[in-house]
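Notes for the one structure printed next.
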Amino acid sequence: MKKRYDSNDGPLGKAPNIGVGVSDAFILTISLTGFVFLGWTIYSIILAKTKTARELEAEDQDFSYEDRLAQADVSTLNRSQRRARARIMMKKNRLANTNQNNLVHPIEVVGDGNEQQQQQQQNLLLEQQQQQQHDEGIPPFQDESHHSTAHTMLSRKERQKAAKQVELQERKMFEEDRRKEQQEALNAARSKKREKEKMVAIQIEQNRKERLEQRHADEIANYHAWRILFVENNTTNQNDEESITVLEWIQEMKQNRIVTLEDMATRFRVSPDRVHERIMELIHSSRISGIIEQDENNENQNSRFIYLSPDDMSRLASFVKLRGKITTKEFASQIQEELQLSSG
């Protein structure tokens, strides 16, 4: 027997009956209405923005090239742009004069006419035109016929001439401003250069003074080194009895002939090494002659200085040349003989 299927039967069995109530339909209607309203609002905002952009574009188009050129800075324009600007200004001047002539009514002359009143009327119109041209910064056009330009239109050649005059005047002002800026920059550069030269001169003078002071100090130091036996004690004990000159010490050595380095160090309050160094300086500078006899340990404490006069040194040199080759003992023995000979 064949099985019959109902409209609610499905592959998994009989489907339940689902109905839409009045409240569900109302909520669905409200939702659809809200979405439609939201979409319309967004569309209106987009249209408003688009309209504003178009209006801005229209305003930019209304602000023509002539207006921008008339309001531009003359110093930023080239020659052709300045000529075009002058023609635009002359065109605006003619339009302003035409409008003014339409507003000014001529004074009617009673009777057969009065030439004096007509001349006054023409002069009044000419003064009004010149005043307006002066307010706009455009030089008035001077006609050789001395007639009023209120009732006559300028020819093309005259307009070109007036535009050229305006261009020349603007160029002259621009050149004057540029020369003024260049002069100010040149003056600033000169002032800076003079200030720099002044600082260099001050530095040179200061260096010269420092060199002179250093030279003077070196000369004083050399003088004391040449004159005073030990410069170390010259600054602290220059009035002390132990501070003597080199010449005074040489006179003492001519009398004593032999002195130990230890005794000299104790006397002049210096080290034996400093005594040895100072004696060698005097020997090398040929201010004194003699030899330093050191002890067996080569220590300056037990060393002694033997003063030899120039005659003693000459006889020792002759002895060495005569013998050719001598020992230290022989040389010391010869020195003793020279000392005994000099003292005797």
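Along the chain as shown, residues are numbered 1 onward.
Any Cβ shown, glycine's included, is placed from N, Cα and C.
Annotated transmembrane segment per TrEMBL: 25-46, in sequence order.
What TrEMBL lists as region 'Disordered' is 113-165 (among others).
Residues annotated as compositional bias 'Low complexity' in TrEMBL: 114-132.
According to TrEMBL, the feature compositional bias 'Basic and acidic residues' maps to 133-147.
The region 'Disordered' annotation in TrEMBL covers 175-194 (among others). With a cut-off of 8 Å between Cβ atoms, the residues of this chain six or more beyond the region 'Disordered' (175-194) that come close are 75.
DSSP assignment over the region 'Disordered' (175-194) gives 20 helix, 0 strand, 0 coil.
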